[in-house]
Amino acid sequence: MKDLLKFLKAQTKTEEFDAIKIALASPDMIRSWSFGEVKKPETINYRTFKPERDGLFCARIFGPVKDYECLCGKYKRLKHRGVICEKCGVEVTQTKVRRERMGHIELASPTAHIWFLKSLPSRIGLLLDMPLRDIERVLYFESYVVIEGGMTNLERQQILTEEQYLDALEEFGDEFDAKMGAEAIQALLKSMDLEQECEQLREELNETNSETKRKKLTKRIKLLEAFVQSGNKPEWMILTVLPVLPPDLRPLVPLDGGRFATSDLNDLYRRVINRNNRLKRLLDLAAPDIIVRNEKRMLQEAVDALLDNGRRGRAITGSNKRPLKSLADMIKGKQGRFRQNLLGKRVDYSGRSVITVGPYLRLHQCGLPKKMALELFKPFIYGKLELRGLATTIKAAKKMVEREEAVVWDILDEVIREHPVLLNRAPTLHRLGIQAFEPVLIEGKAIQLHPLVCAAYNADFDGDQMAVHVPLTLEAQLEARALMMSTNNILSPANGEPIIVPSQDVVLGLYYMTRDCVNAKGEGMVLTGPKEAERLYRTGLASLHARVKVRITEYEKDANGELVAKTSLKDTTVGRAILWMIVPKGLPYSIVNQALGKKAISKMLNTCYRILGLKPTVIFADQIMYTGFAYAARSGASVGIDDMVIPEKKHEIISEAEAEVAEIQEQFQSGLVTAGERYNKVIDIWAAANDRVSKAMMDNLQTETVINRDGQEEKQVSFNSIYMMADSGARGSAAQIRQLAGMRGLMAKPDGSIIETPITANFREGLNVLQYFISTHGARKGLADTALKTANSGYLTRRLVDVAQDLVVTEDDCGTHEGIMMTPVIEGGDVKEPLRDRVLGRVTAEDVLKPGTADILVPRNTLLHEQWCDLLEENSVDAVKVRSVVSCDTDFGVCAHCYGRDLARGHIINKGEAIGVIAAQSIGEPGTQLTMRTFHIGGAASRAAAESSIQVKNKGSIKLSNVKSVVNSSGKLVITSRNTELKLIDEFGRTKESYKVPYGAVLAKGDGEQVAGGETVANWDPHTMPVITEVSGFVRFTDMIDGQTITRQTDELTGLSSLVVLDSAERTAGGKDLRPALKIVDAQGNDVLIPGTDMPAQYFLPGKAIVQLEDGVQISSGDTLARIPQESGGTKDITGGLPRVADLFEARRPKEPAILAEISGIVSFGKETKGKRRLVITPVDGSDPYEEMIPKWRQLNVFEGERVERGDVISDGPEAPHDILRLRGVHAVTRYIVNEVQDVYRLQGVKINDKHIEVIVRQMLRKATIVNAGSSDFLEGEQVEYSRVKIANRELEANGKVGATYSRDLLGITKASLATESFISAASFQETTRVLTEAAVAGKRDELRGLKENVIVGRLIPAGTGYAYHQDRMRRRAAGEAPAAPQVTAEDASASLAELLNAGLGGSDNE
């Protein structure tokens, strides 16, 4: 018994490990793994089907084919365990050793490992500093390489062709050594002195200045150092021994019909062995050189194919013309080891079936078909049957279950009670795609799902399928109940709003129930309470919509949290009073005293959750659903064709539009408008007509006229079914109703351009053939787009998860004072997102002061919940500095304070929460709702007319920021600064509106002045950019020579003449170096200085500038000297939707990025080249000026002599995030990415909390480049993990040494994922070969910090419930204790074992 125990214990030992190291294997190491050399290419004997000796499946090397039985059958059974049979040489043991025992092949000639040769950059090439082409020519026996030059004039590593080699042999004899093939490369690698080489390179690095050379040297130094530090030897990149995979990992399976299916690896190994044996024989026979050489080359090719088929030359194909799957293919790609078997596994105890509605279920239940339950809970049933003594053995229990005896069903009921199951719907885009429910047994074969969780699963009942999984262990059940139960997931992790919200029928029912109707039956009654209201409705004495007075008792929480009753008479309707009966105590009646649409219901649930907490909300949600379904049925709302009322005015609106179009067509034919203008105008006309039709239609549907009690006519909101569905938010929208009853409108071609003839018909009238044909265009594109979108969105999610997967909350507070300023999002005249929405659930980074005072309103480190936000609003605070994950100081992970509230739970986040994955899911999940298209500007699609003025909407005072201005002759302010912002401040000091004011705008109101709503405060000419003078005086022309630098033009219509400055390309040779300018002088002809500087007022004019002044005229400050025509920038495409989000997270540079000032200083222009201008910025403090070449066609925003600040825009365009980071810092780039991503999502009406985007930005910023190494051991220009630099600097500063200086890097998410510290995580993401090659050469250690690495090695993840386990292990390791292994004595164990063997599977009662 005891040795059986020992034996069992030996079988189940698990390795405790903290890190995984990858390195090159030395030949000795490979031999030490091996259990014998494979010498023959044979696999199994075709007659006996036994493995051949010394073959690829040899039992002597790899172990027995049957458990505890040798091959010849001499020794069988357990008692001979460990004996080696003398007849067939097979050890008697378990078969499963055939999965772990390796063999080896001794190669007759060394071969290069293709990964280190061909995986770019070639490691062998870098190490030897030879080009890859040369190395390949040596390896594949085309040329010789000199290994030892000796006393000759041949250099080491010199490449010799056949002829050169023979010549050298004649000349020098055996003075020198040159070889070909892998032996040559191996000899070269062996004779390298890595440390000396390293020294030499470092010296070179210090001497050289050229950038390319430095780069190359740093690369080599890094590689050499990696070899030195990791203890890898370079010659190990050449294989002399080839390991052979255990046979059960490359199986050979007999098919029926006597054929065999085999793994491709066997073919590849067979090739290697055949060629190797042939080469050995040739060497023994001392065959001619050329034959041996050919055989060696073939061996090299065979080994290449085995390791990575198709990497070099054509892939070796099998019998069916398909390339063979090599070792490298086994691990990479979606079907490879990582993604198929390690990151995703099939699980047992699971089933799947179609889903149907379970409208009678409670929120925490799901209906499980009895058949499925019986199958899924089998082990529990067997155990219970035995425990009850209803079955003596497991076999008997099995029989009972198979016969489905009556008692089995009772047992099943018991087993299932309070045993949660998990329901999952693919695709699982966020964590709410798997939730736990308590099963309720049902007849039939479909799973029943609670309607309210459909939104979270994105499920509908048109044939969707769902999978059921059973959590087996007690811990798993506990986790499922405490964390994954549907009742615990009421709020969405993406935005903190309820995700359990009624939709469709329920909304319609509640809306119908809470509508009011003029002169309904029972109007004007006074009722004693909701009970009476219900009685009257049920007996038919009052209509659901009757306006009545009802006595209502509300309960409100007082300061102590006690409920206080308050009764009053309310004007309401019968339906609302009935609905009040299900509303939990503590909510105000006003919440139901309105027509409830979808938004109102969602708000109602949210309020309930915030005031009363989880349990009442769940009960309330269920009640809402039951009530909604009941009254939707009562309403009898149905759609008939007469509900689609076509407006009478439709016909005349369309004929008016047609007349306008005809007129424009005439203008076009007479040449007054261009084809483009005509197209745009036609589209505008039709878009306007469409809007008018749909407005007329909605007005028509919206109201109906009824007779009230006094016999007068009165308008009321209509009870039209279609209108009710759209108005309540149950189904449909105004746009869809427009297609049913208005006109379908303009259609787009697949390329996105708009067809100029609209579809004037609607679906009620029906479409004619042409209209139908035009419609198919758009419909088909929609379908193609959807398919594309799903794949793209899935890939984006995968990249996001990969970059953020190792980010976990690891401490409570990192103590930083850093943070980001939060202000409301204001675009033009409307607040897109108020401040409270942005700061809710964040932690303040500094004390928030009461505006205008020094009183602290909210102290530092406060989690801002709803009540705090109300306080901020009351005191009209419009900017709050909050903590952010981007500025968090925690080394690995982030702290709870920088993250703030856990959106799905409503309290501050717990330690161990995997915020990275949550962020990735929250951003990726709505990806499928985003559009795929790029918007072309033009047509009605998205035409913003060039703005030429600012008109405010609200009254208040004006506040200008970063403004320079002058006062012109009429006393108005003229703006002379570039990025001026105009804000409208209301009487409480809150920013209501915000506008950008361009250079040259004339302001009607000054800074701080009051304006009324609707007033125009600024205007400008959108088509030209003026040059404004800042001083008064007389104009003097400099270098303005007619015919050389300027030309005169006279306008035909007005007869005014103007001067146009010629572009440098149009000038004569003499005019090339002239710089046309306007100088301002005083009456005596002396220069006038620009106020505040010592520079004369001189304005250089760029090409194409138009001057309408004559030399010597008097001007005053604020006047326009010249105008520069602007090309209309309206033809660029705006990338929108999903591609835009991907571009932002990949940190791609836009095509023509904005040019930003690298330093602060004064702008001037240097010598021009053919196509470029030289921009020079001279700093004021006299340090070195900065020069940049800018293409001539770029429009510059700055004039010569103007002062710019670092990071100012010099030339317009989309800004590149890298530039923002470099010039304006981390916070600016965070703000930029967050705002840009939010813009895309906001357009689609998707709410995502900013935190999630910040989390991804933090991960994009996790690398830094060393600028100056200081006393640290980093290399200059090396890219290192930001946290590593921080830790190193902290240690250096503690020792009083100089830390390293660095600049933060912004990496795109793909790059960032591949650059992670963990090679396992990177390899399982993309480019597996490259990642593993790099890691092996450097001998990398994977500390297993992230989630992915731990999943792959099969451990609990260091997040969630696994966080405690990992913390515990770290504590123990720090204390130097042994890992807690279960200590069992043999006696205890044998007793319990005996019990087990006798009892079978006896579970206990508390299952």
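Each position is counted from 1, following the chain as shown.
Here the Cβ of each residue, glycine as well, is placed from N, Cα and C on the backbone.
According to Swiss-Prot:
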type	residues	note
BINDING	Cys70, Cys72, Cys85, Cys88	Zn(2+) 1 binding site
BINDING	Asp460, Asp462, Asp464	Mg(2+) binding site
BINDING	Cys814, Cys888, Cys895, Cys898	Zn(2+) 2 binding site
MOD_RES	Lys972	N6-acetyllysine
Rounded inter-Cα distance in Å - Asp464 (Mg(2+) binding site), Cys888 (Zn(2+) 2 binding site): 43
Binding-site residues: Cys70, Cys814, Cys888, Cys895, Cys898 - member with fewest neighbouring CB atoms within 10 Å: Cys814
Among Cys72, Cys85, Cys88, the one of these binding-site residues whose Cβ has the fewest neighbouring Cβ atoms within 10 Å: Cys72
Surrounding CB atoms that lie within 10 Å of the CB of Asp462 (Mg(2+) binding site), all protein chains: 6
Neighbourhood of Asp460 (Mg(2+) binding site) by C-beta distance under 8 A, where only residues 6 or more apart in the same chain count: Cys454
Beyond the site residues Asp460, Asp462, Asp464: chain residues whose C-beta lies within 8 Å of the centroid, for Mg(2+): Ile355, Ala459, Phe461, Gly463
Lys972 (N6-acetyllysine) CB neighbourhood, other CB atoms within 10 A: 16
Cα separation, Asp462 (Mg(2+) binding site) to Cys895 (Zn(2+) 2 binding site) (Å, whole number): 44
Cα separation, Cys88 (Zn(2+) 1 binding site) to Cys814 (Zn(2+) 2 binding site) (Å, whole number): 67
Env. residues of Zn(2+) 1 site, Cβ within 8 Å of mean position of Cys70, Cys72, Cys85, Cys88 Cβ: Leu71, Gly73, Lys74, Tyr75, Glu86, Lys87, Gly89, Val90
Spatial neighbour of Cys72 (Zn(2+) 1 binding site) that is closest, considering only the recorded positions Asp462, Cys888, Cys898, Lys972 and their CA atoms: Asp462
Structural state of Cys895 (Zn(2+) 2 binding site), classified by DSSP into three states: strand
Shell of the Zn(2+) 2 site beyond Cys814, Cys888, Cys895, Cys898, same chain only (C-beta within 8 angstroms of their C-beta centre): Glu811, Asp813, Thr816, Arg883, Val885, Ser887, Asp889, Thr890, Val894, Ala896, His897, Tyr899
DSSP-derived structure type at Cys888 (Zn(2+) 2 binding site), helix or strand or else coil: coil
